[in-house]
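Before any comments, here is the structure.
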Amino acid sequence: MCQEEGAGLVAEDPLRLPPSAPALPPSPGATTSPPPRETWARQMDFIMSCVGFAVGLGNVWRFPYLCYRNGGGVFLIPYLLMAVLGGVPIFFLEISLGQFMKAGSLSAWNIAPLFKGLGLASLLIVFYCNTYYVLVLSWALFYLGSAVAGAVASGGDLPWATCGHSWNSPACHDGPLGNSSHSNSSQSDAPFRSPVLEFWENRVLGLSGGLEEPGRLRGDLVLCLVVCWALVYFCVWKGIRSAGKVVYVTALLPYVVLLALLVRGAMLPGAATGVRFYLQPDWAQLARPQVWIDAGTQIFFSYAIGLGALTALGSYNRFHNDCYRDSLLLAVINSGTSFFAGFVVFCVLGFMAHEQGTDVGPVADSGPGLAFIAYPRAVALMPVAPLWAALFFIMLLMLGLDSQFVGVEGFVTGILDVVPPAYQFRFQREVMVLLCCLVCFCIDLSMVTEGGMYVFQLFDYYSASGTTLLWQAFWESVIIAWVYGADRFLDDVSCMIGYRPSRWMKWCWMVLTPLVCLGIFLFHAASYRPLTYGGRHTYVYPWWAEAVGWGLTLSSVLCLPSAALAQLLLQPGPLPQRWRRLTQPVFGLHHLEYKVRGASGGPSPVEDGNTKAVILESIM
């Protein structure tokens, strides 16, 4: 609880010991004090890291397409509303929780120990993301190398621009394919196939007939995978002091490239038509439930909610950092980047439609279809095509790389936070990062075979799906608002930042955000469709693959209820007593600063590693 004193807020906290208080006994079982927790060298390092993690590929390859498909500029209404109701409150909650608890995603939920399964779930989800997300970087690196090598070998031509290569089939046709050429599935049935599609399926993926045909490893992709994991390792191995420097390049360079691509795209014929398709309002779309569901899902994806990495990043903040201001700023940057990227994408798609003599609609696509089929086809039509292709894939690499290494940092932080001090050693971070990279690399080998695309899509569809992220966000808001207490948490935040955040956050955590998450979650469950892959043929995943996919989903979803049930069953005493004991916050060894200010108004950290519970016992 905070009270006014003079012109500022001071902490009225039981941790302020009276002069006559006895010496504090050591924490039970604590024989070694933990090393001081790292903090960001400067606050801008934290901002750049959050921008790098949250602003990723989804902002570039998913939001513009959703905006076009769901009514153009009208889509901004449900998008911004979902941001205010769900995205921003949970984004702020995760960062402030990490800053307050001084812990990563697993230990941070000591704020309500009964629900520590939520932290375990976030570790699993971010591990799955780390495993398959790096494949996108490998593909982008492969395209970048192919663009450079092709330009040098053939005097300026891109290898996916024409037919006649060893990977092309007799059906390859490098002229305009009309309206049937915009998607993978439609080209499967067309009499001709574009060279860019054949480069993607035959040269890059070597796509087999399904999961039952894994085929051989793709040597080029394995090499790209090794390079990507090596980059991730050396960005993360020394902790936030090294990652905080690298992220200035990986987070800022994509904006430079996006601006260059926008300037070039705006000069192309048909660009204005593309922008008009992107923004032209269709007010009737607001009556469709799918528009609101797409808006909510995109917010939770693009804000990187539920993965635990934001909590880990926040845990390295100084205790009195203004995390409320930072959260609002980062939310504006995230959504603004999505909107800005739409102009870049649709200027180029408008040009491609102009060159092919068709509307923008047939050439519009999202996800890997935009990044590795539609956009490469468009840059192949531009003058000085290798330059623009190289810039585009460098941008994809930078967007994905910082998301990847911050995700690894979030996972490693969560693990290291639970290592007892007696078992810590000098190079534990380097070893843990190496183990994480090696385990993920071994799993990734299944995704760089000829059947690897089917494995990748299985992970993408189930392991970190909208269902799991919505489940996480729902319980995060419910636990903070109804178990720990929304007012209590806002008091804690106000003691950190020196003022009380808007009460809007309280009402969102208590009512609005859980309702939004629950509504979208139920819609996802009701509209579930079995997974298929639309490439050279429509492949329907077998039942056992569906079972594996649901196993990935349930492995994180069931962490919370199973861990809570196990704790309740193992605790002695009546059920109400168990509940009270297991929902009592435990402030552990890393919680070195807690709402304490000295006489001068500056922070006065607690200088020992005792828990708050022990301190309270010594006072009483």
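Quick reminder: no glycine exception, Cβ is built from N, Cα and C everywhere.
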Examine the ranges 109-126, 469-486 and name the one recorded by TrEMBL as transmembrane segment.
469-486
Return the single candidate from Cys129, Cys163 listed in TrEMBL as disulfide-linked to Cys172.
Cys163
In TrEMBL, one of 137-154, 299-316 is tagged transmembrane segment. Which stretch would that be?
299-316
Determine, for the Na(+) site, the additional residues of the same chain whose CB lies within 8 Å of the mean position of the CB atoms of Gly52, Ala54, Val55, Asn59, Ser302, Asn334, Leu399, Asp402, Ser403; present them in sequence order.
Val51, Phe53, Gly56, Leu57, Gly58, Ala251, Ala304, Thr337
Which residues of the same chain, at least 6 past either end of the transmembrane segment (469-486), have a Cβ under 8 Å from a Cβ in it?
86, 89-90, 93-94, 97, 109, 111-112, 114-115, 118, 121-122, 125, 300-301, 305-307, 505-506, 508-510, 513-514, 517-518, 520-521, 524, 556-557, 560, 583, 585
Cβ-Cβ under 8 Å with the transmembrane segment (507-527): same-chain residues at least 6 beyond its ends:
82, 85-86, 89-90, 93, 289, 293, 296-297, 465-467, 470-471, 473-474, 477-478, 480-482, 486, 489
Stretch among 46-64, 299-316, 328-353, 373-399, 431-449 sharing the most Cβ pairs under 8 Å with the transmembrane segment (220-240):
431-449
For the transmembrane segment (76-97), which partner among 46-64, 328-353, 373-399 gives the most CB pairs under 8 Å?
328-353
Answer with yes or no whether the transmembrane segment (328-353) touches the transmembrane segment (373-399) by the criterion of at least three Cβ pairs under 8 A, sequence separation 6 or more.
yes
